[in-house]
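Visitor: Here it is, the structure, as structure tokens.
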Amino acid sequence: MGVTNFFGEAWRTGKSIVTGLGITFREMMFRPAITVFYPEQRDDVPPWFRGIPVLKTDLRTGEYKCTSCMQCAQACPVNVITIEWHQDPETKKKVCDRFAIDMSRCMLCNFCVEACPFDSLVMGYDYELCKVNPENLVFEFEDLLRLGLKYSKAEEPGPKATRSSTPPWVFHGLTNATEDDIQDIHGYLGRPPLPKGYEPELKPQFRKPAEEAAEAQQAEAAGQPAAEPGKTNGEEAGQP
């Protein structure tokens, strides 16, 4: 009985070894290699990768796009952005003296990029941020501009902000937004177009002002004086 168990165990052991070696040989000879020999080889990062935030430059003028508006520093949830600036006495514009990001505490949340109104920040693809000295993880203005050159381009001079170039919601409120205005807003936000004839549903606090504005427009079209706010034309004339 003991001899039988010995040969049985030996057979199962040999079979498992041969099976394992067969899998290893098949993976080695007939499957593509997935090992990356870093740092000689590097995989491409996906487009949505978030690396160190860097500053972009207008390659047409050679000037950096940052205006020191402080929006990114205010949006940062961990306060890793430091901005120092002074005002040019001639142009009255802000001039950036220092723009630093402490990458030892940055959480790569992308809030600074989303908050920037001038598209001067971008999340770069640089991921090799290991440093021996933690103080070297503070990237200064020149470092961020140098790293951001690969993401910069020559900007065409655009027109000044006008009624047509500014997002529609800046000029149109809920009470006077037309159907075309609402469609423009949805197109600006990348949303699908609304069905034809769509009308916005006003909140209760906006309904009465909207009704009064509509009555005033109708009265003006009919050649009648507009009623005072809170009164209809009938109440103004003394009718019950």
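Cβ atoms here come from the backbone N, Cα and C positions, even for glycine.
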Visitor: Besides Cys106, Cys109, Cys112, which of Cys76, Cys96, Cys130 does Swiss-Prot list for that [4Fe-4S] cluster 2 site?
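Guide: Looking at Cys76, Cys96, Cys130, the one Swiss-Prot places in the [4Fe-4S] cluster 2 site next to Cys106, Cys109, Cys112 is Cys76.
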Visitor: What is the set of residues, excluding Cys66, Cys69, Cys72, Cys116, whose C-beta falls within 8 angstroms of the centroid of the C-beta atoms at the [4Fe-4S] cluster 1 site?
Guide: Thr67, Ser68, Met70, Gln71, Ala73, Cys112, Ala115, Pro117, Phe118, Ser120, Leu121
Visitor: Can you tell me how the residues of the domain '4Fe-4S ferredoxin-type 1' (57-86) break down into helix, strand and coil by DSSP?
Guide: 5 helix, 10 strand, 15 coil
Visitor: Can you tell which of the binding-site residues Cys66, Cys69, Cys116 lies nearest to Cys76 ([4Fe-4S] cluster 2 binding site) in space, using Cα positions?
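Guide: Closest recorded candidate to Cys76 ([4Fe-4S] cluster 2 binding site) by Cα: Cys116.
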Visitor: Under 8 Å between C-beta atoms and at least six apart in sequence, can you list the same-chain neighbours of Cys106 ([4Fe-4S] cluster 2 binding site), or say none if there are none?
Guide: Ile52, Pro53, Val78, Val80
